[in-house]
Amino acid sequence: MARPKIALIGAGQIGGTLAHLAAIKELGDVVLFDIADGVPQGKALDIAESGPSEGFDAGLKGTNDYADIAGADVCIVTAGVPRKPGMSRDDLLGINLKVMKSVGEGIRDNAPNAFVICITNPLDAMVWALQQYSGLPAEKVVGMAGVLDSARFRHFLSLEFNVSMKDVTAFVLGGHGDTMVPLTRYSTVGGIPLPDLVHMGWTTQDKLDAIVQRTRDGGAEIVGLLKTGSAFYAPATSAIEMAEAYLKDQKRLLPCAAWVDGALGLKGLYVGVPTVIGAGGIERVVDIKLDKPEQEMFDKSVGAVRGLVEACKAIDNSLA
Ligand code: A3D
């Protein structure tokens, strides 16, 4: 059976890391696409030359021609610009919306059967625009944010409790922005929910609140340190986790920016929710029940996402 084909649209910091991870994990043959001449070609060659030491079998090709992504099984989109210190994700909207138009059309014309994972910010609005411009079925177009935000939350919790990250599960829902909703009630250490751990004296409510806030600010913390761009290692690993769930029909339960039409009281919106990813793409949106404070936080986050979608429509009135 032929190897799956993975197209990476955008060969910058995240795109290059995605290519390296996909090759090392032998998820398939990788095509790196970018508008910058030489960058995707150079990165593809450099990664291919790491193959003999690493011992992977994966083809790597860099290109500036959409025709080379033809028939891709997975497309991961990072094309656009990242933020700099002092910028919010929302400041990127105007520039990255134009990028989503060209990328969406490139995917529509060359890889209409792909499972498409968007990473470009502002995430929830960009994945919506990408689905609109590409015309692919909504269950095949998804945004990566919740896996990363949850991974950050898990990392901070494992440091606080001094336990393995493997035993920490965590859930972050809502839009990928300042209003994201880390759900402590649904986050556990070895199956014990975080509020119980507060009662058991493992941590205090104040410390837990500070970890929740650090999670919300996780992207900005890294932008502030790097000064020249945003996080790329953990965002790439998170998207690879989603791509692997699709390619191997793993039925993983992962929080993703998915099209929600009915669940969680929402009608027609891309926003971070628990999903099941398998060979069908987004096979299920998990309709979890939120308590009153959680619902209020989620509603606020949904409001912020709706505002960004309206801003996109104001820029391009071809968007429905
Ligand atoms: P960067 O290293 O600048 O790479 C972006 C690449 O996109 C560059 O190589 C550009 O040449 C290329 N590009 C620009 N326009 C086009 C186009 N029209 N077609 C194809 N390629 C194009 O950025 P990065 O890799 O660090 O980040 C990429 C995106 O991911 C940014 O929008 C970030 O804000 C976003 N991001 C999202 C998360 C989430 O958790 C959602 C996390 C980190 C970064």
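Start at 1 and count along the chain as shown; that gives each residue its number.
From the backbone N, Cα and C atoms, a Cβ is placed for every residue, glycine too.
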Among N96, N110, N113, which residue does TrEMBL name as a further NAD(+) binder in the site formed by G10, A11, G12, Q13, I14, G15, D34, I119, T120, N121?
-> N96
Residues near H176 (active site, proton acceptor) by Cβ (under 8 Å) yet at least 6 apart in sequence within the same chain, in sequence order, are R89, N121, P122, L123, D124, G143, A145, G146, D149, A257, G272
Neighbouring C-beta atoms (10 Å sphere around the C-beta of R152 (substrate binding site)) | 24
Max Cα distance spanning R83, R89, N121, R152 (substrate binders), Å?
-> 19
Please compare the binding-site residues R83, R89 by how many other CB atoms fall within 10 Å of each one's CB, and tell me which has the fewest.
-> R83
